Each structure stands twice: as C-alpha cells, then as structure tokens.
Ligand SMILES: *Cc1c(COP(=O)(O)O)cnc(C)c1O
C-alpha cells in the first residue's frame, strides 16, 4: 500500500500514512471499536466520490450529475436492508454519533427526556453526556448495570422509567460484554409510552451475522457504526420502520448534515457486500470465540472480568483487586510500549476517574480480521498478563514486544 500520489505533493503526510500502515501491521489492535477494513473498502473510501455533491436522496437530489452517486447509495441501502432486515435504512450519517443525533432531532423536542446508560457503566457520549450538545438540549437521566454482577439491571431500568417517564430510552453500549435483551428494554419503553433507540455501534457486525440477537423489529430505531465489528469503513447508519422514514431522512439531511460523504457511502456499499458473503458469519463467530478465549485466559491468570466473561467481541477487565497499584491508564501505556494497543476504561462503580480509570477494555474484532484464532488469543492474554504484572519492567516489555512482532508476522495484514 503505497501513496505515491500523496508523496509527490506532500511527503510529510505520505510518511505518516505509511507509518500508520506499519503501525497497524506490527502491533496488535485491540481497541474494541476498531477493525481493519479490506483494501476494497479503503479504495472505495479513497475514491473520486469525494468530489461529488449529492445533497438529497437517490432519485431526488439538489444537484445534477448524481447518477453514479445514486447507484452507490442505492447499493448501500439494498445491502444494508438485506443484512439487517430493516424496513428503512439511511446510510448517510457521517458517524454513529450523528446517527443518534438524527433520531433525537427527529423524535424529540428540546427539553424532552432521555433515559440512557451511565457513561462509566458502558454508555456513550452521544447518549446524553453533558459534554455533548445532546446532554444540554434534553433532560437526561441515566441507568446503571448491577454493580455486583456487571449485567444490565432490567428491572431497575423499568422502575427508573416509571419514575422518570422518559420520551426515549437508549440501549446499546460501548463497553458492555454481555448479550443485550432488547425485548426487555422495549417492554420498559412501551410501559411508559417512550421510544426505544437501540444503538448497536459496537456489535453492528455481530448483529448482521446473526451472532448477536437483533433489535431490528423490536426497537423503534436502530443506529450503528460501520467501522467496528463490521468492516465497511468509518461512518454511521440509521434504521427504522417505514412510518418514521421521512422524519429520519429529513433529520439526517438537512437536519444535521449537509452533503453526504459519498466516498464513505461507497465504502459502506462494498463493506456490506463483503458482510453478505457466507464467510462473514464465520468471521463474526470467530471474533466472539476469540474474545471468550482471551477472557478465560485472563481470568485464569488472575484478572477479574466485569460480568465474569463475555458474549460478544470485548472483555472489560477490572484491575482493582488483582493490580490495585496499576490504573487502566498505566496498563494502557505499558501495553502500548509492548505493541498491544487497547484502552484504559471505566468500570461499573468506578473509583478513579474517566481520565485514569480502573479498567482496560480489549476487543478481538481486528485480531480476528488478521487471522487470529483462540490459541493465539490465549497467547495474547499471557502477553498482556506479563506486561500488566510488571508495567515498569523494561526488559519484560521488550520481550513481549518481540513476541508481538512474531504474532504479527505470522498473521500479516494488507499484504
Ligand atoms: C462507537 C459508538 C458510537 C459511534 O461513535 P462515532 O465515533 O461517532 O462513530 C455510538 N454509540 C456507541 C454506543 C458507540 O460505542
């Protein structure tokens, strides 16, 4: 993967692009929200569609010359419809955050009430955190997971909904390792006449493959990102029943965005085609099997996992008991030195801060893309253990870095 055209104009950026490819090839990407898109998706996203203005929707644009933009967007919509089984799909949101904002803007008035999961318990900034405008425009209360088990507390959520009487309940999370029972959240929403937005950003690929139960057909609105467990390039998506289609479409454009990023829509179309191939289901199953193997080995090595394990692509490790003197930030830094890239993360009942939390979150979506199996993931768990047991020991970090490079060589990327 060279960037000769960039290099001719701008060697500094070309150097950074090539260094980034080397970084992805030679280190383990375990940030749970990341993956490696195929060359086909990367090419589509890096295409001349970036030049095209296509405000509007296929067949009804505000600009001329949109016939190929229409083709690309129609393909993305058709494929997403087939993958997820939704009545209506909008593939234009620039990101998962903007997909969520479109739902709020379509269905709520300023001052309306949102009930969503607390950020430190696995929620997302776009679910009403005060640092996002959503948190300032609407009245937000938050539910929590059960502090003992780490599982969602569906009864507590239903009681909270009775008291707060929200206009919308948001489900779907950034750091929740367990299967979500969408129908129980829908029941809580129905009982207070609220909408239900299921944000499957992290598990879009698992849902597409049928490896996680789908909220489509249960929740009123389903949003997702297209670059996490599905490999369709950076972006967002909104799905809903036909009755809300016009409201959602006008909330995406012109409500929250201008012209769609047609190069990203092209990437989505290609990535969705790949996800419709039979081997995508095998990929999604392997991703989950790998996360389970990673979690089991970490637990065997003495770590405690929030909820004691995982049903999806990520594990959340609470370091407080096993490594009381090591924060999630310390662990993240030492692991990065060793070539294992993941993030410090808050855990339920957080006692440190969001900037230097008590846990680490690790995902297997990107490792699985480059060919890792359960045995490899157990090896990775052992490498993580060696580093987190001795984060200040430079010789340990250097040894692990070598083992990481060997694993990377055995599982090459972007050949
Ligand atoms: C990642 C994520 C999003 C989308 O994030 P963007 O960076 O805006 O694409 C939305 N919701 C949840 C729960 C997420 O984890």
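The backbone N, Cα and C atoms fix where each Cβ goes, glycine too.
The domain 'Serine hydroxymethyltransferase-like' annotation in TrEMBL covers 7-384. Per TrEMBL, the feature (6S)-5,6,7,8-tetrahydrofolate binding site maps to 119, 123, 124, 125, 242, 353, 354, 355. As annotated by TrEMBL, site 'Plays an important role in substrate specificity' applies to 227. Sequence annotations record features per position, and here TrEMBL assigns N6-(pyridoxal phosphate)lysine to 228.
Here the features listed in TrEMBL are painted onto the structure.
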| residue | record | contacts (Cβ under 8 Å, 6+ apart) |
| --- | --- | --- |
| 119 | (6S)-5,6,7,8-tetrahydrofolate binding site | 125, 127, 129, 142, 346, 354 |
| 123 | (6S)-5,6,7,8-tetrahydrofolate binding site | 116, 117, 129, 142, 170, 173, 174 |
| 124 | (6S)-5,6,7,8-tetrahydrofolate binding site | 96, 97, 100, 173, 174, 199, 201 |
| 227 | site 'Plays an important role in substrate specificity' | 33, 34, 35, 37, 233, 234, 235 |
| 228 | N6-(pyridoxal phosphate)lysine | 32, 33, 34, 35, 201, 202, 203, 204, 205, 365 |
| 242 | (6S)-5,6,7,8-tetrahydrofolate binding site | 87, 88 |
| 353 | (6S)-5,6,7,8-tetrahydrofolate binding site | none |
| 355 | (6S)-5,6,7,8-tetrahydrofolate binding site | 329 |
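When pLDDT is averaged over the domain 'Serine hydroxymethyltransferase-like' (7-384), the result is 97. Among the residues 119, 123, 124, 125, 242, 353, 354, 355 said to bind (6S)-5,6,7,8-tetrahydrofolate, no two Cα atoms are farther apart than 43 Å. Not one of the binding-site residues 119, 123, 125, 354 has a CB under 6 Å from ligand 1. When the binding-site residues 125, 354 are compared by the number of other C-beta atoms lying within 10 angstroms of their own C-beta, 354 comes out lowest. Secondary structure at residue 123 ((6S)-5,6,7,8-tetrahydrofolate binding site), as computed by DSSP, is coil.
Taken residue by residue with DSSP, residue 242 ((6S)-5,6,7,8-tetrahydrofolate binding site) is part of a helix.
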